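Residues or ranges marked as Ca(2+) 1 binding site by TrEMBL: PHE23, GLY25, GLY27, GLU67. The Ca(2+) 2 binding site annotation in TrEMBL covers ILE253, LYS255, GLY257, ASP297. TrEMBL lists ALA295 with the feature Ca(2+) 3 binding site.
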Amino acid sequence: MATLIAPSHYSPVEDAEALQKSFKGWGADDKAIIAILGHRNFDQRQKIRKAYEELFQEDLIKRLESEISGDFERAVYRWMLEPADRDAVLANVAIKNGSKDYHVVVEIATVLSAEELLAVRRAYHNRYKRSLEEDVAANTTGHLRQFLVGLVSSFRYEGDEINAKLAKTEANILHESVREKKENYEEVIRILTTRSKTQLVATFNYYKDEHAISISKKLLDQTSDDFHKALHTAIRCINDHKKYYEKVLRNAIKKLGTDEDGLSRVVVTRAEKDLKDIKELYYRRNSVHLEDAVAKDISGDYKKFILTLLGKQD
């Protein structure tokens, strides 16, 4: 369930005019920006952006970029983008940042549906005049390159059918590769980049039943290199992406100095999808409400905006 609280009745023209008014004077009225954009769903935000351009002959996103700054600006900017375009930007930034951010590419490729991932690849074409897989391949090598290119190029079947025999066979293949630490990971890459998520979950479940340990926990012993880290992230995202995102939030907040990129990424991308469920998982895992943990860790307009997207009422 989503956390976004959006009104059923609103006026794109009135919102555009109020935003333009908030830009006047010495510094933007950040409170007004949050009150409007933090309470509008994607369709409403797009209509406000269109109304703003028609009224004032300028792009609202570009104006926001010039009026606000820092973590607040980055979060608002990504919130305003069309979801596929936003994921294209996140993927591009992750690729540029190299090994420390490859998990973001894995998240996008494994959490999204086949059609959503295809839309991200189209958005990447339009924005960067290159393909996502081209940039991934140019910035990686070896098994990591094979795996990431396979993930972002995938168009998985999304039916509920499960082949139990295949799950058993492929669970054993995964076990042999992980246990033996084989140099040949071709089969692991093939399985994880081509099978449906439903089939893969059945394979992971069989692995756990047979070996009394989850494959993601087994991989933790070997996550020293980027390839194994990417494998671990993919398996966690496919198995239960909400639990995965809860851990991203927990790690973002527990760090010495908040990981604002991780915090913003999860809140902004999941606020209209399943952030409420992720919040509940966070509370069960940490015995503290996510809003309270966030409120203690960040400050200013960025804090107000993130708390608004988390559904916190003023």
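Cβ coordinates are placed from backbone N, Cα and C, and glycine is handled just like the others.
Sequence features annotated in TrEMBL and their locations in the structure.
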{"residue": "PHE23", "record": "Ca(2+) 1 binding site", "CB count, 10 Å": "18"}
{"residue": "GLY25", "record": "Ca(2+) 1 binding site", "CB count, 10 Å": "8"}
{"residue": "GLY27", "record": "Ca(2+) 1 binding site", "CB count, 10 Å": "10"}
{"residue": "GLU67", "record": "Ca(2+) 1 binding site", "CB count, 10 Å": "17"}
{"residue": "ILE253", "record": "Ca(2+) 2 binding site", "CB count, 10 Å": "20"}
{"residue": "ALA295", "record": "Ca(2+) 3 binding site", "CB count, 10 Å": "16"}
{"residue": "ASP297", "record": "Ca(2+) 2 binding site", "CB count, 10 Å": "18"}
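Each residue contributes its Cα atom, and for GLY25 (Ca(2+) 1 binding site) and the residue listed as 'Ca(2+) 3 binding site' those atoms are 29 Å apart.
GLY27 (Ca(2+) 1 binding site) is 25 Å away from ASP297 (Ca(2+) 2 binding site) when you measure Cα to Cα. Looking only at the binding-site residues PHE23, GLY27, GLU67, ALA295, the one with its C-alpha closest to ILE253 (Ca(2+) 2 binding site) is ALA295.
Those residues of the chain, other than PHE23, GLY25, GLY27, GLU67, with a C-beta within 8 angstroms of the mean position of the Ca(2+) 1 site C-beta atoms are SER22, LYS24, TRP26, ALA28, ASP29. Put simply, GLU67 (Ca(2+) 1 binding site) is 24 Å from ALA295 (Ca(2+) 3 binding site) when counted between their Cα atoms.
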